[in-house]
Amino acid sequence: MENRWQVVIVWQVDRMRIRTWNSLVKHHMYVSKKAKGWFYRHHYESRHPRVSSEVHIPLRDATLVVRTYWGLHAGEKDWQLGHGVSIEWRQKRYSTQIDPNTADHLIHLYYFDCFSESAIRKAILGEIVSPRCEYPAGHNKVGSLQYLASKALVTPTRKRPPLPSVGKLAEDRWNKPQKTRDHRENPTMNGH
């Protein structure tokens, strides 16, 4: 029988981002308890030799699996060293690859307090309304007028440590033009 290949979209990331992601996930699973129901799988619990960790995030009847890899083909720069992340959405027997922004949006829909379009209706019904969003990485579009008004009223408080963002984990830092300065410290040059 011939070899069968399976192609998986893997976002090339810095190994320090993977360490930060893992520590943030563990903190919010075990210390702050904001990531209830999340499951962390260590590298020694996986059958695949290139998988360094897995985070299973339940979303009602579906699951989001964020899998980090090591020992992949080395990148263009020294610090990339073959580390990557894949994001998979599973529901029963169906699974598909998704991008980091969609993953953040899905996490935002099911976890963490947020001021949303339904907040005015909740306030009229006498329910508690959260005036801020705990997971701003999940907002990938311009907010509603009510959300923007609430944001202007409430001063944002920085969360320490921040909530884990898949978009931040898989952010492309290498292809952005680097800002450099000439010998007189004038920001006239752009990557040259």
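Every residue gets a Cβ built from N, Cα and C, even glycine.
Residues or ranges marked as region 'Interaction with host APOBEC3F' by Swiss-Prot: 14-17, 74-79. If you look up Swiss-Prot, you'll see 40-44 marked as region 'Interaction with host APOBEC3G'. As annotated by Swiss-Prot, region 'Interaction with host APOBEC3F and APOBEC3G' applies to 54-72. Annotated region 'RNA-binding' per Swiss-Prot: 75-114, in sequence order. The phosphothreonine annotation in Swiss-Prot covers T96, T155, T188. Residues or ranges marked as Zn(2+) binding site by Swiss-Prot: H108, C114, C133, H139. Feature annotation from Swiss-Prot assigns motif 'HCCH motif' to 108-139. The feature motif 'BC-box-like motif' is assigned by Swiss-Prot to 144-153. The feature phosphoserine is assigned by Swiss-Prot to S144, S165. The region 'SOCS box-like' annotation in Swiss-Prot covers 151-180. Look at Swiss-Prot and you will find 151-164 tagged as region 'Multimerization', backed by sequence analysis. For 158-192, the entry in Swiss-Prot reads region 'Disordered'. The compositional bias 'Basic and acidic residues' feature in Swiss-Prot is assigned to 169-186.
Model confidence over the region 'Interaction with host APOBEC3F and APOBEC3G' (54-72) stands at 88, taken as the mean pLDDT rounded to a whole number.
H108 (Zn(2+) binding site) sits 19 Å from T96 (phosphothreonine), taking the Cα positions as reference. Ranked by how many other Cβ atoms sit within 10 Å of their Cβ, the recorded positions T96, H108 place T96 at the bottom.
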